[in-house]
2 protein chains.
Amino acid sequence: MKTLRDIGEDALIARLLTPFPPSTLCVGPGDDCAVVDDGHGPWRLLKTDAIVEGIHFLREAPPEKVGWKACARVISDFAAMGGSAREIMITLACPPDLEIHWVEGLYQGIARCLAAHEATLAGGETTSVPDGGPIMISVAGTGQVDRRHCVLRSGGQPGDVIAVTGTLGGSIHGKHLDFQPRCAEGALLAQAGASAMMDLSDGIAKDLPRLAQASHCQFEWIPEALPVTPGCTPDQALGDGEDYELLFAISPARWHALVLKWPEELAPIHAVGRLLEGPFCESAIQGGWEHFRT
Amino acid sequence: MKTLRDIGEDALIARLLTPFPPSTLCVGPGDDCAVVDDGHGPWRLLKTDAIVEGIHFLREAPPEKVGWKACARVISDFAAMGGSAREIMITLACPPDLEIHWVEGLYQGIARCLAAHEATLAGGETTSVPDGGPIMISVAGTGQVDRRHCVLRSGGQPGDVIAVTGTLGGSIHGKHLDFQPRCAEGALLAQAGASAMMDLSDGIAKDLPRLAQASHCQFEWIPEALPVTPGCTPDQALGDGEDYELLFAISPARWHALVLKWPEELAPIHAVGRLLEGPFCESAIQGGWEHFRT
């Protein structure tokens, strides 16, 4: 009998979507967020994301940072569309023997993250898991994006420059718990005409092929151009995951204009490759994180 | 050091909400759903809910029914406001050794429930839990409700009749996995002027005091008037939980009018008590299900 370990996350998702009718959304499953057009005002963004003890954080981690991370991951996905967060809902599943002060710390981190991004707590749920089970925090959020400046994964064109914000690798040493979602950067990139964008959650070795595939392009890239976090190896920059930086494509002309006006106070941007003509083919890079495979 | 088991779910939630600023929502945490007013069109409803293996279902349960249940619980909360579902997002956390066919069955149940309620899958996420960890399915949904007919928990008035749809108790023998969210009933009750409403998830012994407290009323009820599921005892009807019927309050005049025109094809309604003047006081009924306490 086949298990999830045998097929991995991407193939699993493709199989799971089979019984559903074609989506009536502007953007359905497969991008960083779902996009809903109510016919007026900004487009609505929808996103859900979960973190699990033992996978995404350890019990010893400061609970404030775990709460921050849980919310910041969802807000990072809104940033990856060029948008921002509105309402956030929290589902907390934890064993009955968990200390109250841990949960209070968690919610203080959640409150801090929401305040920093002008988002509202819209509800949530607490439920128990059997004693010894892991703590799970599932965050669902709504966001919004200017309908003229919503950037998908799929809009990349052959010839576009591929670039990233910030530096990559080594997130496990701390950044994964207190990263800043790149909302200001994402909004500016959207206004500047980025053709495709996503956030880097599983490592650029895994995520760049996803962006290229969604854009029906091949790609080339220059390993030496990767902005590596100080103290990390290039391999770590490729595959550690949890960078929560933005990966984007943009035409060369727009890239050159962007570099000239990029604000100093934002995370720096670096070109790392280029989209090419031709059908996407798999396994162009080895590395990166895929759930169930590890 | 105090643990969650020491204080229970309701006290926990009150403590967790302390660090958040007052909500800018029409209805914030504490009702069946959060309610957002975009200034035009129907009000938006937001809800998140999770089910956990070993708490809400067993691994031996048919996965199609588990998927149905996960979604139907959220849709039941929309029904409890007089509303209906729009977009649904699924977060699945499961161990890598889970069989693929189980997960495919789960999603078939989800698809069936969404189709039955004209809701759209808007995305989701799969993540791993450590081997041996429980399966968790977290469902976040958006819904909508006519802004003239949104029923909260808090609108009950002294003198209102308290009533329920369907029968109570014994859900564990099967109904908890394949119940029908009472959307048609909820919409009709909202139009008929129900003053307060919620869905019965933790048993009427736990949930009726919650409705009375939210409405700043005391209550009286007649145990013999409870519509008990055939084969169940009155105690089971009080405390089993997972009935997913609607509990509502309505003025006596409207109740009498409602009974005359209640459609045969809907779940039957039964009066079980009355809201009274005076401050709510705790512990009026013993029984019901509270997370972390058990």
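Note: Cβ is positioned from N, Cα and C throughout, glycine not excepted.
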Need one residue: from B:D178, B:D199, B:D202, the one TrEMBL lists with B:D32, B:D77 for Mg(2+) 3. B:D199
Could you tell me which of these binding-site residues, B:D32, B:D77, B:D199, B:D202, has the fewest other Cβ atoms within 10 Å of its Cβ? B:D202
Counts by DSSP class (helix H/G/I, strand E/B, coil) across the domain 'PurM-like N-terminal' (B:30-145): 34 helix, 47 strand, 35 coil
Other than its own, how many Cβ atoms are within 10 Å of the Cβ belonging to B:D49 (Mg(2+) 1 binding site)? 27
B:D32, B:T48, B:H56, B:D77, B:D202, B:E242 screened against B:R153 (ATP binding site), Cα within 10 Å - retained binding-site residues: B:D32
How far is it from B:D49 (Mg(2+) 1 binding site) to B:D199 (Mg(2+) 3 binding site), counting Cα to Cα, in Å? 13
From the centroid of the CB atoms of B:D32, B:D77, B:D199, the recorded Mg(2+) 3 site, which same-chain residues not already listed sit within 8 A by their CB, in sequence order? B:C33, B:K47, B:S76, B:F78, B:A79, B:A80, B:M81, B:M198, B:S201
Tell me, roughly as an integer, the mean pLDDT over the domain 'PurM-like N-terminal' (B:30-145). 93
Quick check on the binding-site residues: of B:T48, B:S201, whose CB has the lowest count of neighbouring CB atoms inside 10 Å? B:S201
